[in-house]
Amino acid sequence: MKYEPAILETENLDRDGMFMGGPDPDTVSLASVTAVTTNVSNKRSKPDIKMEPSSGRPVDYQVSVTVIEARQLVGLNMDPMVCVEIGEDKKYTSMKESTNCPYYNEYFVFDFHVPPDVMFDKILKLSVIHSKNLLRSGTLVGTFKLDVGTIYSQPEHQFYHKWALLSDPDDITAGCKGYVKCDIAVVAKGDTIKTPHKANESDEDDIEGNLLIPEGVPAERQWARYYLKIYRAEGLPRMNTSIMANDLVDPYVQVQFAGQKGKTSVQKSCYEPIWNEQIVFTEMFPPLCKRMKLQIRDSDKVNDVAIGTHFLDLRKISNDGDKGFLPTLGPAWVNMYGSTRTYTLMDEYQELNEGLGEGVSFRARLLISLGVEILDPSSPDITSSTEVQVEGVPNISETATGKVEEFFLFGSFLEATMIDRKIGDKPISFEVTIGYYGNEIDGVVKPQTKGKKGGGNGDEEETELIHNSSEEEMDDDGDLTSVATTPPMKPVITDRNYFHLPYFERKPCIYIKSWWQDQRRRLYNANIIDNVADKLEDGLNDVQEIIKTEKAYPERRLRGVLEELSQGCSQFISLANKDQNQSGRTKLDRERLKLCLSEVEAIGQQAKAMRSQVKKSTVRDKLKLAQNFLTKLRFLADEPQHSVPDVFIWMISNGKRIAYARVPSKDILYSSIDEERGKECGKVKTIFLRIPGKKGFGPAGWTVQSKIEIYLWLGLNRQRKDYLNGLPNGFEENKLSKGPGMPTSPPISLTYMMKQIFQLRVHMYQARSLFAADSTGLSDPFARVFFSTQSQVTEVLAETLCPTWDQLLVFENVELFGEATELRDDPPIIVIEIYDQDTVGKADFMGRTFAKPVVKMADEHYGPPRFPPQLEYYQIYRGNCTAGEMLAAFELLQIGPNGKADLPPIDGPTDMERGPILPVPLGIRPVLSKYRIEVLFWGLRDLKRVNLAQVDRPRVDIECAGKGVQSALIPNYKKNPNFSTLVKWFEVNELLHPPLNIRVVDCRAFGRYTLVGSNAVTSLRKFIYRATDKQANNYSTMDVCCFLYKKDDGKDGNGKKKKRKKGDEPEEEELDESMLDWWSKYFASIETLTEVRNRMLVYPKELESEFDNFEDWLHSFNLFRGKGGDDDDQNVTDEDRIVGKFKGSLCMYKVSDDMPRDMSFDSNMGMFQNIPHNDPINVLVRIYVIRATDLHPADINGKADPYINYISKQLNPLFGKSFDVEATFPMDSTLTVSIYDWDLVGTDDLIGETKLDLENRFYSKHRATCGIACNYAIHGYNVWRDPMKPTQILAKLCKDGKLDGPHYGPGGRVKVENRVFMGPTEIEDENGLKKQTDEHLALTVLKHWEDIPRVGCKLIPEHVETRPLLHPDKPGIEQGRIEMWVDMFPKDMTAPGPALDISPRKPKKFELRVIIWNTDEVVLEDDDIFTGEKSSDIFVRGWLKGQQEDKQDTDVHYHSITGEGNFNWRFVYPFDYLMAEEKIVISKKESMFAWDETEYKIPARLNLQVWDADHFSADDFLGAIELDLNRFPRGAKTAKQCTIEMVTNEAEMPMVSIFKQKRVKGWWPFVARNEEDEFELTGKVEAELHLLTGEEAEKSPAGEGRNEPDPLEKPNRPDTSLLWFLTPFKAIKHLVCTQYKWLAIKIVTALLLLAMLALFLYSMPGYMVKKMLGA
């Protein structure tokens, strides 16, 4: 085995070309981090070092949603509000009255503490509701939903200023219901999010181009039906106990998708339920919800419990490429895993069944298929609702999922060691299960299918076996029982923590027969890809390691890796196409195969092409690209359709299940083709068993429950002939005694006849960067080494995180079974665990690593190249986190026939002080060379109290490799925390760059001292003094060239022109200057305004991150104290352990070097020349706070009242304030800016704070005291802020850097150190007079200072930095951001000028006068009840957006029959307007109880509406138009030319701005949406808009309506006064003649008939009498 020798000296490697004279460097894999990589004889597979399950542990999340505005909401005259809901939480915006385009700008934050899977499956739903109030729930306009995982997978985990498209869930034919513009961000603990800077408004008004959908999703999403067919399930666990035998399982399937739930029917008391139902979801496609959750649940009167859960990831079963396919799956079985199959009333692992965390046993399998159909909304037969439907489906044929085959699983336990002592010494056995076979407790549910066999223990039930192939004859053991459990055995003590099982030469075996559908092809293809990916991953790790340790030729290794990758890809293409006609292949199989073939082929070709482009300079970039290949391959290898379930291994002690391991079946699946075979099939694998469920989180889960060496083989029963081939040779099989006719039954144990005896030598040299396990922030580490059944410990070293044990441990008489040659190539692994010794109680676990020994057989010579072995680094893991590294070597020496006499001698203890402890022998311990380490002691900062006492007299101790130096004592920390002696040095004999420990102690009275905190510098590599920098002194080596910097003329010329113009036209100047201020420069820099020429840099993050923390020569080392955190992400909890900072620096160099000394070399300062003194210094600190953004709301109403100075109710407040603070370094070196929420009662709440280290900035060579502006000006808003002019700064920099220059020459040139720069030479003063100056030239040099040889570095420009605000209680989650900058001026220099005025712009008062002259073609709404004419009683209403309550109405033009109306009516709207931001500023109280007013900034938009007035019912809304006062279509000259185009086709129209035009008159259309949701023209208005400033309006006032002053004349309306007389006749005529004509005729006829009848009745008696009397 070849590893990296732990020499980090690059020189030797370069000299020898390649260490150890090995083969061509492309082929040698240099050591990867875990040294257990290369397998030689391939009988053992690589163990997995990380112990803890990563999923399932809850994490903090924060989801922030800003609802900005909504547009194009469908509906007339609505009062909309937006509801944001995530899971169960709902929050509402305020309600806006009568508008279709409300503007909210409200911010909501949701906090969660849940596992990632749960978080990412939550659905975020935005819905718009209108007219909701206390009494009624309001009507839903439309909704939009997506899952949180989609947001989290966006770049920066956010959608910014995007439009969500609303659709109606009850009517999918309706189309778009409007848009909501919002920002959504999801932050997990420890994420930082950058807010993109605001693009200009007009871009975002392009709704179609900024839809809220992930990249690659089409803008036009269609509705689709998702058909999930659920056929049947099998293998459900027994849910009944013996007491309540009637309590059978009543299963049903519940499916959740996109916030909706569907359920199948319940099958009563049934373990093999058959549903044959399909659940139909209607949802947009592609859906913005990634996973569908399927659960088999047990229906119960009290509460239903989940039996098992499976997630369908839609990304894995579909592809959106050109040759892509819709989501499809199956029909296929999916396996569900969860808690153990034993039934208990209180299942402690129940949440595993809900799909949280890794399942610890098989629960059931479910036969499903999924199909998607895109709907055509225009077809008539479509149901328009999105309710979930459940329908029946026909039964599915037996063979649809593939032919059932008999599988055979064999396993042999070669070793079981490291069994946790806590388990107790009751007999221990191991159980192996695959699906529902092999589980003893289950007493297997018999599969109903023919040809399947229940493999319960001794259950020999006669089932018919199908004999259909000739191969089956070798295997006629029809009644072979499965042996799934090893015989129980009492454990034996290894040491105080662990037991082992005494297997010795007899190794127990298990075997299980099981019957599954034969879908091996799926697994084979996945294995081939995984195989390629594994090789690629190892190779890439190698390359990274080579780069990290600065070895030679990383590019050669990378070329080798890419070569291997392209070969692997072409192999896949040749193999994957086989068995195409196998039964049970689904559509997904075919599509995935096509996809994998094309993707893998593409990767292969890219890798080939990339190989030739790999150069030394491009290695890192190409490495990143190769990482992308890796993620793509891993994605392709993940097979969504399962076949054979995974294998579980359980350790059972005394009938109790203790710990488990899960082995994916594809990893142990056999194939005759190497590439297709699982990577652990037929190999010995080291497995660490884990505690199941929640208990496995954190430290409890890191102790090994048991380490087993197991051999596993899974394949078809008929391929069985070579299933034992991979075992270490030299065994005999022991079988169950069967009749003579059963020759082929597998062994129940193996007896090894061959045994080799070894001596193991473990050379433990040192470890570094270990975990801090004690409250002091240090540990008392010792290492425990396990090999086979033995263990030994090193000595304990007190109080260090970087122990150098320098100790040899010898394991005598280690017995290993198997052939000698195999053991030489493939020895078992060694486990090393590191513990922290505590005086009381058990030692704390600090980490673990593995190693493989170098083996020497008795007949080999002990000598180069393999012996003595080299020391190597091994990465230590604690749970899933790295926790340091260990430097050690391991050799395993065979004891031959002559006993130990043949072994190489051990040099006895050289120093008697250490007693019997053996040091690492000379041949192995490294050759040392002499280094000198110089330490710069600057000072200590922010020391916290130790044991309640303040630190008063601290001192720093530096220790490295046993040598060290102490700083001077600080006599009074409060008065001056800096050291008096700056530089000290010490020498070490070392080559391995040992870690350096910094410890701060506080000297108390009586010679006592207390440890304050410590820091271990793990690698001194960055502090190595490289002599190459010095060569720059000899100018001969530099290529001197002449740089010509020409300022980009366009800009400059433009600037000059502007100024010249100023000189000529004073009135223009006034406008220009009043318009431009510091804020113009700021908005220009963040690109919302582009006319301004002076820019500054706005950094989206802290300045420190741009200029690596200003640690150019002064470094800050955090001092830690207290235990390390037991959290997933160690970095977060470390924050709480910081007790202060040590400021200083280190420098390390080989002593032998002739140090170049130049004349001014100060020997006291060593390598630290030219650094300033550290005496206290007074500084004026000027802090400019511009604004805060995205603050976390602190008040109940979802707002905060933030103040550095008090501003009411805002989450994006503008502060615009500067503060002057006098500070004395080093005492006041940290500036904290906090933002509080102001409360009327009680204390103010901290929203967040940010801390700046001013001292490092002050002393940095980047010159962070005052940013360098991009232009030099002596007056105006861009005035030069620094008390030193550019020429003075340049002169000082040249002097400090011992540079030649600056020499100013004629023609605008300046020369510094052989570089020439160009620039302008004139400047204007306030009066516009030109003067000669060199300042522009000097400024040009300063702006390009990084190009100066030797001393050049980027100088800090004029800037604004954006710093995250953090809250101590919520570490790692941003509470908002603050934009600010800091200037610092030393008091001993010229005083700076007054602070820049950055106070927020005061809005300017304007008055908008709108005269409504006439309307035309207004739709006629009323039918006159009497006259039947269509008419409208027209009036016009208008308001400025955001000021609905100040709406104004004209009078009513009654009874317009033509849609024409005459008004001559004036609206007057005073408003406050910010020119620069193009926003109206409104202040109003949010509610009657509000303490004070809230300020809103709202786009300037005028709304005009036309209404029909009704006396007795609500007025009818007819149409509206919204004009953006900054850009609206120019009015048409006549009513004829005014068309609906002006609204629908704005882009083509000529646009005007009222702020530029001042006065505009014309015709504009009114529009409304009709039933089909399209705009239609509902009228036209002739209006005149006139804009005046506040002063102008005062000078020429005008009345509202037609009132004085400046009254308008009455409109000339058609006369309606006579109507009252004429109306009755007119009305009667109308009624009789037109409307009720036939009715009138009928009535008249009826009346006549009636009269005749009445007359008849009246006169009849008389006539009768007459007749009768004969009169």
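One-based numbering along the chain as shown.
Note: Cβ is positioned from N, Cα and C throughout, glycine not excepted.
Taken verbatim from TrEMBL:
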- 43-164: domain 'C2' (DOMAIN)
- 203-328: domain 'C2' (DOMAIN)
- 742-867: domain 'C2' (DOMAIN)
- 914-1035: domain 'C2' (DOMAIN)
- 1142-1267: domain 'C2' (DOMAIN)
- 1388-1539: domain 'C2' (DOMAIN)
- 446-487: region 'Disordered' (REGION)
- 1592-1611: region 'Disordered' (REGION)
- 1638-1658: transmembrane segment (TRANSMEM)
Mean predicted confidence [pLDDT] for the domain 'C2' (1388-1539): 85
Touch test for the domain 'C2' (1388-1539) and the domain 'C2' (742-867), at least 3 Cβ pairs under 8 Å: no
Secondary structure content, the domain 'C2' (43-164) (per DSSP, counts of residues): 14 helix, 61 strand, 47 coil
The domain 'C2' (43-164) in contact with the domain 'C2' (742-867), cutoff 8 A, at least 3 CB pairs, sep 6+: yes
Remote residues contacting the transmembrane segment (1638-1658) - C-beta distance under 8 A, at least 6 residues beyond either end: 1632
Residues from the same chain, set at least six apart from the ends of the region 'Disordered' (1592-1611), whose C-beta lies under 8 A from its own: 1405-1407, 1409, 1411, 1414, 1448, 1450-1451, 1453, 1462-1468, 1470
Secondary structure composition of the domain 'C2' (203-328) [DSSP: H/G/I, E/B, coil]: 9 helix, 56 strand, 61 coil
